[in-house]
Amino acid sequence: MARKRKNPSSEDENSGSGSGSGSRAKRRSKAAVAVADEPILVDGSEKETTARFLGEPIADSEARLTWPNRYNKQVIIEEKKPSKNNHKDDLEEEIILARRHYTRAIVDEGQIFELNDFAYVQADIPYYALAEPLLIVFMKLAGMGEKPFICKIIEMFEGLDGNFYFTAQWFYRACDTVIDRHSGLIDDQRIFFSEIRNTNELHLLLKKLKILMISSTENTEEIVAFKKNCDYYCDMHYRLPYSAFEVLQPKAEMTSSETEEKEATLLDLYCGCGAMSSGMCMGAQMSGLKLVTKWAVDMNTYACESFRHNHPETEVRNMAAGDFLFLLQEWEKLCFHFSLRECPNSEDYSNLYGLSSVEEEEEEEDGSNESEDEGDEEIFEVEKILDIVYGDPKKIEKNGLYLKVQWQNYGPSHDTWEPIEGLSNCREKIKEFVVHGYKTSILPLPGCVDVVCGGPPCQGISGFNRFRNTKDPLADEKNKQLEVYMKIVEFLKPKYVLMENVVDMLKFVGGYLARYAVGRLVQMNYQTRMGMMAAGAYGLAQYRMRFFLWGAQSSERLPQFPLPTHDVVKRGGFPTQFWRNVVAYDENHNVKLGDKLLLSDVISDLPAVTNSETNEEMQYDKDPKTPFQQFIRLRKDGILGSSTMLKSESTKDMLYDHQPLNLNKDDYQRVCRIPKKKGANFRDLPGVKVGVDNKVEWDPDIPRVYLESQSPLVPDYAMTFVDGTSTKPFGRLWWDETVPTVVTRAEPHNQVIIHPNQDRVLTVRENARLQGFPDYYKLFGPTKEKYIQVGNAVAVPVGRALGYALGQAFQGLTTGTSPLLTLPDGFPNLVQQNLPSESLEKERKMAVAALGQLNLEESPPIWGSRSVDCFQKLQQIGQGTYGEVYMAREIETGEIVALKKIRMENEREGYVDNNKYKGEIYMVFEYMDHDLAGLTDRHGLRFTSPQIKCYMKQLLTGLHFCHVNQVLHRDIKGSNLLIDNEGNLKLAGFGDARSFSLEYTRCLTNKVITLWYRPPELLLGAKKYDHAVDMWSVGCIFAELLNGKPILPGNTVSDQLNKIYELCGSPDEKSWPGVSKMPWYNRFKPSRPLKRRVIETYRHFDAHALELLEYMLVLDPSQRISAKDALDSDYFWSYPLPSDPKSLPSYESSHEFQIEKARRQGKALKKQNLCLHLR
């Protein structure tokens, strides 16, 4: 038998209880028992196994380059501390040094294995797995005959100790992952590729396997047949941190990033009053995605009323989720019946609900005589169908599909719900309703929903439930909504899913329901990632830990979890077996977080109210005191980024729901007796004494005090709560404290909820602020119902952070495989990063004034010459009309620079050549990591709104510098905008630049500026022009950044003008005085007048961005905005502000020249392969 593997010291991990095939123990090397050319014999086994390498070893130089650590005797082995983001074992594997590497091996003289083969590995001993601290399942593998491990052989070598080894990268079966006991949901043939690697002895290899690796770029329908001919197939990675299932190879350009309008629809299930979707829409908009909550569903009537008021654009349905699912299924059938959607078996729906294609007129004729015979009986005719529902709207204890009918000649009070079967003779009326409903999307249909979010209630797992079903939690009716949620997802097939719930999802029965949720999503081929987030870590004065689960279709990027923005007072714990799922920085981080928020930061500006306050609306009586209060007071358009943010008048709006629960007389008298000091509670009342072990007891020296009602001042339940050890009953909060979790009740009997210096409990609005609800958010229903709505809600700042992460993924802006996202500095830029509006306006004026002081005299040139031999060329990174650009290294200093080789052979202007050194001329520049064209062309990269503002601000500042000094650039395009990994943008490519004068405009060539960025005046033959030509090019670049692709990609001058006219309208003497006198006006005049469509085409852009773009793309150059005025536009001074360049992400070096070269080589190779195939 092979020896046991050593156990790492830490056993905590978050994935399923059987990480068998993914988490391999490591083996120490042992003394050699055979020479290199003979098989190795393994001591102590019941059956001798042999293993040896075949063929010649890999060349030493190649092996050392590929596996350098195997040949480095100086490698120091350091013990690693466990980290949630460490993808490897908790202890670094001892590196076994190699003598030589091989590509082939044979085991037991029968099985030949090659490098990168897939294989079974012997699994006849107990082993350690990272996935769970519980090893019960693992011990089942102790006997012979259990399933072997599965791996990919990524290295074969002979160690210096004489033993033969291979390095395995392991696969997981579903039962080895977080799915665990729900592995029955997953196909037995389906396995998941891990990042776990370690070294094992060669003789443990058992059998070569055929594993089909399926990337997201492949059409899975075409490879179904291939699955039958393989042992296993793998289409996803499984990563231990945050229990993530991810596609093997994300698409280079995700489908969502191709969406021109950057608008997405959301369905909020179990929506409550709308906190989760509200926060997500706010965050998504901050990332540049317009996310709209199109539909919402909840059983609570008052919560639905609150949602409707705050989101009038949303179709809100007050019904059970199960009924909603049935309604969706029947709605799709009606769309099939009326041929609104394609259906392969449409005949199945031809007589749906008795709705035949027979014309109603014929039916009326058939029944005319019968109607006459009915005498004076009143006949009701359907005027219009108003709505559709599944359930029992008539309250007759009969569920079904009902239509709301408006009757002819009757008012709205007579509208009734009628079963659809009874309206089969009203096919045309029903058709009108269905067609209109289909066009207006009154209900979501499969494939038409971008995002589904919600938290299915699972009361069956609550710690307050004494009768929880621990054997089969899904059999508990109180947990059935989780299955309903997943069925809705399965039916609608949204691009993204976000599920939320209490942390008990992970605590109860080892995370049974959370594991089921992951399993169902993976079964539906969704990528998943689950984590726990504390609300206080995103800028609130409460801790509130919650469970979140992302899902994303394989064609989309899987959203990350946003890292905390604030410090937080930690309250309570989390299930230790899922410690890798807590969204947080590692303990040794050095990130500067925002200060923790305390109660005073949140509610100290609110008006004083009494216990019996009845006003639902009131005015503020104080100015905001903290950045949080400034932000939370903003109106809806302010929080979503309009210029309202800058107006102090927003603080004068109404304050809603600032009412406390009106306590009964006894409780109110108790509250009034609680001292106004920190830590005060019922223990401060007369007659209570604190004994040993912090338990309360009655003070025998003080008679029991009674209230006017003769009820005791100190109730018995307060003395016995938590065996007398609790300090919560009638506890008073204090200004420098936080709240553990806002709950759905406001009674002070067993919680600390009394206001610091007012004799009442916290109001609905104060609780709402602790949850991050903006003050404009109005709630409906009795006061107790409002508390329930607020207590059940997802904290708005958490939803906002998750919405930002969703927006990044939806637009294809995420890079790499990191499960975590760092939010922009100051997120969510509370009141313009805490600047009062007056300070911001002052800063704006100073910045604009400084623009007029730019002059070349501030930048004296530094002249000098050197030999190009001082530099070592590394690679070519650019080529233009006037030269070639190389990345080079200065030999003496090692500094990386850019060398531009100047072409002189075609020059007709310049200086008299007095240079005594004949040869080539080079110019030396600082090296920039990217050009904008190369960066945007790589992997479909899209930038955030603050990032675009940052780049545009730098571009306009540089261009303004040129224009102030009377220099026209005349070739602004992506490849001439250089960017480094510090976020700095610089203007380059001055080969076509010329001086100009506003007083005297000389004739210049119009054959400048790359066609896609060339302004209409040059295309029409103008030879006298000014800085406006550069501003047109900047407008094209600006729109390209916002849109994700060029907006005017013409092929010829004629085509370019046609594209300009189609977008900006055709010019005439009214819109552009003098245009008809342009040299080529009549040649390119369109056959018919065209309207300007900039606003219509790009209506999805931010309002301020669209306004600036309009000014840049003005046809008349005399009316085009200048760089200085553009920098003073509201776009740069409204939320969100431009990013600090240093905060921008770094990217792999990207230049247009290199990407185009690689693209040409790829096409040539494809053509070559095609020719070979045809031969």
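For all residues, glycine too, the Cβ spot is worked out from N, Cα and C.
Automated prediction, rather than curation, is the source of TrEMBL annotations.
The structure displayed is predicted, hence computed values, not measured ones.
Per TrEMBL, region 'Disordered' is recorded for 1-33, 356-376. Per TrEMBL, the feature domain 'BAH' maps to 128-249. According to TrEMBL, the compositional bias 'Acidic residues' annotation covers 358-376. Residues or ranges marked as domain 'Chromo' in TrEMBL: 380-433. TrEMBL lists CYS458 with the feature active site. What TrEMBL lists as domain 'Protein kinase' is 871-1132. Residues or ranges marked as ATP binding site by TrEMBL: LYS900.
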Taking just the CA atoms, what is the gap between LYS900 (ATP binding site) and CYS458 (active site) in Å? 66
Using DSSP with the three-state reduction, classify the residue listed as 'active site' as helix, strand or coil. coil
What is the number of residues in the domain 'Chromo' (380-433) that are helix, strand and coil, as DSSP sees it? 14 helix, 22 strand, 18 coil
Helix, strand or coil at the residue listed as 'ATP binding site' [DSSP, three-state]: strand
